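Features as listed in Swiss-Prot:
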ACT_SITE  C165  active site
ACT_SITE  H302  active site
ACT_SITE  N322  active site
COMPBIAS  363-380  compositional bias 'Pro residues'
DISULFID  C162-C205  disulfide bond
DISULFID  C196-C238  disulfide bond
DISULFID  C296-C347  disulfide bond
DISULFID  C386-C398  disulfide bond
DISULFID  C392-C413  disulfide bond
CARBOHYD  N341  N-linked glycosylation site
CARBOHYD  N389  N-linked glycosylation site
REGION    358-380  region 'Disordered'
SIGNAL    1-21  signal peptide
Amino acid sequence: MAARAAAAAFLLLLIVGAATAAPDMSIISYNAEHGARGLEEGPTEAEARAAYDLWLAENGGGSPNALGGEHERRFLVFWDNLKFVDAHNARADERGGFRLGMNRFADLTNEEFRATFLGAKVAERSRAAGERYRHDGVEELPESVDWREKGAVAPVKNQGQCGSCWAFSAVSTVESINQLVTGEMITLSEQELVECSTNGQNSGCNGGLMDDAFDFIIKNGGIDTEDDYPYKAVDGKCDINRENAKVVSIDGFEDVPQNDEKSLQKAVAHQPVSVAIEAGGREFQLYHSGVFSGRCGTSLDHGVVAVGYGTDNGKDYWIVRNSWGPKWGESGYVRMERNINVTTGKCGIAMMASYPTKSGANPPKPSPTPPTPPTPPPPSAPDHVCDDNFSCPAGSTCCCAFGFRNLCLVWGCCPVEGATCCKDHASCCPPDYPVCNTRAGTCSASKNSPLSVKALKRTLAKLNTA
């Protein structure tokens, strides 16, 4: 009993601790064979269900997935991920490695996670990499850099269920270079890029390239603020008025020489840099803390930002800003291995890096964007015509209130559609309880059913005047 209580307490701590972490890196699919193998060990079903209930509460009643009939399947996915996290952390505690946690992605299979939250298109850049690189001659570099400490990085944002990571990466580096040049941190609009930047390979929530985002901002003469053009996490029509609100501009952008971590370090020593990585693995999905050394390849699928670098107990790392909200990883960041003797860098971080350039002031402050005109209300539904003289409101039922022989002289209205008109000429019953019990003033589901509701009262029908 004491052991069970201790195990349950451990699980609760695991879930609460993961309220600030999470993604994955082992590309293990959740299929029947994997699920069956995973359920043989680790937390019991009762412990997992208790942890799942707590996780649901921590995540506002559920993840981005509909629960309903999916509830049990979501639980089984959660249980399998819980075992994966538990086993990984047990090994990490022995070796001093990075830790995983049950974050907002904990009820997603790895396939679901990859399909929903990634979005960098990296088949080819819009220009050859390394045409120009201003930091090529730099040799002396600081041992560590963290642009967050300089106020040059905006708070972590959340791209939601939209493959717009490329827009978040590009906007973040533009925010940073603007702060470094002008001294003002202005949060900018990812939604403008999602909806208006259709140049090159950019296609909104279906992915894009940071270089093409920079190119759009240059050709557009600037980009609007997040406050004026807020993020919606869906594709939409470009708002021309807001697209023309050019608040922050850049002069150009440069690509870091590919497959060269030293060149990337030189760039990051001067400003935050947009980078692409492979982020679709299970360990990255559920990452919580520490220097990430998990499994990953170089199939670049996610745009992020390198905002610094450093060393922890002899482990060199990059500080990487993600766009999955502050409850993922280390308050929205991941520290990734650096100098791993692989030219591409960890998860391909040195393969496609670039940064915006800026030397002057921003465009003049634009006039306030006129408000979007309100959507006109839909036309009201037509009245329900009882006869030539009387009608009832839409969504109601005509019931005769006074008749003579087969002729109804006065009509009444029951407040629901498809109602049963009771013989007392004063009440009616909803369609789910169609049997009138006029003496009791109730309506039953069927003749002998014990289920009943209070009968509805009719109102007088409207006299047609036209």
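Placement of Cβ uses the backbone N, Cα and C atoms for every residue, glycine included.
Since the structure is predicted, the reported quantities are computational estimates derived from the model, not experimental observations.
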Problem set entry | Secondary structure composition of the compositional bias 'Pro residues' (363-380) [DSSP: H/G/I, E/B, coil] | 0 helix, 0 strand, 18 coil
For this session: Among the recorded positions N322, N341, N389, point out the residue whose Cβ has the most other Cβ atoms within 10 Å, with all shown protein chains included in the count.
Result: N322
Problem set entry | Long-range Cβ environment of C347 (disulfide bond), under 8 Å and at least 6 residues apart | I277, E278, A279, F284, C296, G297, T298, M336
Exercise. For C165 (active site), what is the tally of other C-beta atoms lying within 10 angstroms of its C-beta?
Worked result: 27
Exercise. Across all chains shown, how many C-beta atoms besides its own are within 10 angstroms of the C-beta of C398 (disulfide bond)?
Worked result: 21
For this session: List the Cα distance (Å, whole number) between N322 (active site) and C386 (disulfide bond).
Result: 62
Exercise. Within 10 Å of C392 (disulfide bond) (Cα-Cα), which of the recorded positions C162, C196, C205, H302, C386, C398?
Worked result: C386, C398
For this session: Mind checking which of C205, C238, C296, C386, C392 has the fewest other CB atoms within 10 A of its CB? They're the disulfide-bonded residues.
Result: C238
